[in-house]
Amino acid sequence: MTMTAMAKPEAPSGCFPRAENRCHVVSNAPMNSEYRLLVVDAPETGLSAYAGQFFHLLCPATATEQPFLRRPMSIYRIDRENGQLGFLYKVTGKGTRALASLAPGDELNATGPLGVGFSLPEGTKHVAMVARGVGLATLAPLARMARAQGAMVTAILSARAPEFLMSRDELEAAGARVIEVNDVAGNSAPQEVINRLRDIHAETPIDFMATCGSNRLLGLTRDLCSEWRIPGQVAVEAFMGCGLGMCFACVVPVRDAQGHEEMKRVCYDGPVFGVEEVTAW
Amino acid sequence: MVDLFVTIGGVHMANPIMPASGSIAEGMADLVDLGKLGAIVLKTITPDIRQGVKPPRVVEYTDATLFSIGIPSKGPDYLLNHTVPFFARFGPPVIASISADTAEDFGTLAGYITDPRIAAIEANISCPNLRAHGRAFGMDPVAAAEVIRAMKANTDLPIWAKLTPNVGDIAEIARAVEDAGADAVVTANAILGMGINAETMTPRLGNVVGGLTGPAVKPVILRMVNQCAEAVKIPVIGCGGIATGEDVVEYMLAGASAVQIGTMNFVHTAAMEQSIAWVTDYCTRKNIARVAELTGALKLPVDQNSEQRGAVAL
Ligand SMILES: Cc1cc2nc3c(=O)[nH]c(=O)nc-3n(C[C@H](O)[C@H](O)[C@H](O)COP(=O)(O)O)c2cc1C
């Protein structure tokens, strides 16, 4: 198939809020033994992304594979000054293996920005973020967004071992205070993280929480949000068909305030939901 | 100037290209000028409100997908109050799609949604007939005809019968729905398939069985379109595996009067617009004044009759 070669020219900005952005790869380097950072030059529509949104990436054909569907990738860096977008990813399957083959100068067709991202209530003073694994990527732009709104940011980053920790620099550059925990040090268990958060809350009250990448972290975030009566949001990840709310493949059960459950699309109704809305994923 | 106009079962279309049911939703309007499409076919609704089947709902293959969604539906009032107004403002005729558990329910629903903003109703007869132990209406010529008759009795809108490819003789079903009064047939819905994960020893789909769609199915459905076109006088709408304008032309040569693009919209939102442009260029290049001239223009070997094509010695 040769569809890539004739991808749609970008829609005039202001006319269509989303587009098949024809981006160009600036770099695609490994960050550690697990993660790679893909940086691309992006057109204006792509740069209109905000924290928690994602792009649906057309994975290039390699000598052995041609992933048919696009792959959703949350946005890790929105650098409007330099006209660049960054995606932090872990090579886990066919799609991400294909992405890893991209070289500087190659074209990347990225549909987006897609989905509903984070929304920080006005007047938020202290955001606490807890994330694990690749979930960290999703929260980095939220730190910038929160700082820009005048909030203080504390980020607890969790990983299997210290060498797998990612995004510390990115988060610190965004103005976040970063706390690292890991399984080897034995300080990443939910109870430990909860105790940490309680101490932080006692010091400077937390009035918004965000999480991504772990069911256990979602659980503890939900509990603390309800105890402290503060809003919290989670970015949900799912395998997707279309990324645009059309195919209904990426649904998760979402509960409203009355306890009524409905299957909602991660790509279109999310990927960011209230922590109290999402049961499990 | 190429004349792209086609009239399909009572519906006038600016060009022969439209989305397949279930392949677009409101989100498509954020990227694509829906005003350029020949028609806008909506996702199937049922009389009741449904959540769809258990995830996982999609498996990826080479140039194909296996989906099992289960028709999540917000019912007819939501269709009339939200979906139809949303899509009607773009201009192209809006085609509703319905499904139900019994032929009578198909009829009642067709009557209920009859509305001047809807140009035709597609009958998705690939769903289980609860009166026939869940066998799809479209797998049985009698049940398929009953659905169409029930709809015709309740509405004056044109009815397009969307056939299932999961039959031995699709021409027989096409003839049955034509006799029952269908204004067009859509050939076809998805091919039943199954996926298994060897490592976990479990099915890959929550619903175990799903529908195979995407470019890989094109040769199968192209053959079925050709069989339907030879069997009936009403227009045949080709649907299955169309990705490019070249695919559109192939379907029209095989006998289709118009086409629907499904899965490809998920991968390339520009697929429909690009196909319209490609077909226009093709007609210009071939000196074809009207796109409708392509329908059935396939040059077949003169020494082979169509009966012979029905059974190939493999
Ligand atoms: C995710 C998905 C949802 C679909 N939903 C419907 C539907 O609601 N009603 C229907 O008649 N067909 C539905 N179909 C079938 C398509 O309309 C079409 O017949 C089929 O996908 C073959 O075309 P394609 O190969 O271009 O995708 C659906 C297909 C997919 C992949």
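Note that Cβ sites are derived from N, Cα and C of the backbone, with glycine treated the same way.
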Given that TrEMBL annotates A:Cys242, A:Cys247, A:Cys250 as binding [2Fe-2S] cluster, state which candidate in A:Cys225, A:Cys267 belongs to that site as well.
A:Cys267
The domain 'FAD-binding FR-type' (A:18-120): DSSP-derived helix, strand, coil residue counts
11 helix, 46 strand, 46 coil
Of A:Arg71, A:Pro72, A:Met73, A:Cys247, A:Cys250, A:Cys267, binding-site residues neighbouring ligand 1, Cβ under 6 A:
A:Cys247
By the criterion CB under 8 A from chain B, which of the binding-site residues A:Arg71, A:Pro72, A:Met73, A:Ser74, A:Gly95, A:Thr96 would you report?
none
Cβ within 8 Å of the FAD site centroid (A:Arg71, A:Pro72, A:Met73, A:Ser74, A:Gly95, A:Thr96 excluded): which residues?
A:Phe54, A:His56, A:Leu57, A:Arg70, A:Phe87, A:Tyr89, A:Leu99
A 10 Å Cβ contact count, applied to the binding-site residues A:Ser74, A:Thr96: which residue has the minimum?
A:Thr96
